[in-house]
């Protein structure tokens, strides 16, 4: 099959390159999946609870599934099919349709590489918002499109042996291309009744006025508004996309590669963590917007709340333990609290889950202590561990209320920012006017002094 083709050298090179590329990207996706679901390699975690595949964030992404399906179709289906590995007589249009779908999919997926581009990276998040406007336009225009398709069934020109579905599809195609100014009524309309022909000509003119003029301009206005309002937001989302791209690269790395990337060698040849991971950055060294400053202050507040809660829970636990038990396990318990206490960034919405993990770790430590009686564990389960749950729920509720308040007062914050910008511009204008008036007064005094000197001479 392959050698019968006149272009078989080009075809075999093309298919080989396509197959190798698909295998490479499949291995990359599998490494990313393994990095995201590292806990799934062990059926049970330290707490003895079963870890489910549904907990993977990789498997919850539609784009990840789409990539996997495309690469699998290329490696398992398309390439073996093209070289004749599957002995089956398949119509040519299946080859054309499948190859077109795979080609378009690969080109669309290549847009992800623009996430790290400094000037075009923010366009990708903006396109998502524009697609929402296009979807709303399709919902509005779809009613008109289907109605006109049914109306044009009576007059659209078709082949003598065309079926009902063929006629309807031709009417649907004509109604769709009218949206872009493709009329050609003499070629598409056919009727011996002049009244009927005139009626449908008027109907096509009405469609052009409503669809091409009204709805298309409305779509352009909606997209223009979203671009103007969402430019700054799109730039922030571009930074998030850039960070997500870096995270995907790190998850696809092996542990040894991650160690080489994150560590440097000192003068003695020992590995040490790259200073970029812990070197503080002063605010004066970075141009931060007011929103960025508010976000940093919020993160500091969350970190402080988290530490205060953990310190209070640590004091509560140590007070409930008896002195002989405390002497044997205090160091281990303190180390476990310190591990959770010094987390660099804590999302308070996940505080219940983190404190539940801390309870499991503390229970595992206490279960290994000699002299711990069952009534001790019962006392902890009744009086201490519920306090952990209550504190976690309290932190999550506080964070949730803050998010709701921010969402409810978002427009007020924008108005305050606009007023602050107006006031700042007004102060700058007044300062410039004052400087100009002072310069003008100084120049006038100098001119008067020169005139007086000339008069005295």
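A Cβ is built for glycine as well, from the same backbone N, Cα and C atoms used for every other residue.
A quick note: this is a predicted structure, and the numbers were derived from the prediction, not measured.
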Completion exercise
TrEMBL feature transmembrane segment, matched against 27-48, 93-114, maps to 93-114
Practice task
Kindly point out the range from 199-220, 221-242 that TrEMBL annotates with transmembrane segment.
Solution key: 199-220
Handout entry: Intrachain neighbours beyond the transmembrane segment (93-114), with Cβ under 8 angstroms and 6 or more residues off its ends
Key = 66-67, 70, 73-74, 77-78, 81-82, 120-121, 123-124, 245
Practice task
Would you confirm whether the transmembrane segment (134-155) and the transmembrane segment (7-26) meet the contact rule of 3 or more C-beta pairs below 8 angstroms, pairs 6 or more apart in sequence?
Solution key: no
Handout entry: Stretch of maximal Cβ-Cβ contact with the transmembrane segment (62-81) [cut-off: under 8 Å; candidates 7-26, 162-179, 199-220]
Key = 7-26
Handout entry: Distant-in-sequence neighbours of the transmembrane segment (162-179), which means Cβ under 8 A and at least six residues beyond its ends
Key = 141, 145, 148-150, 152-153, 156, 188, 204, 207-208, 211-212, 216
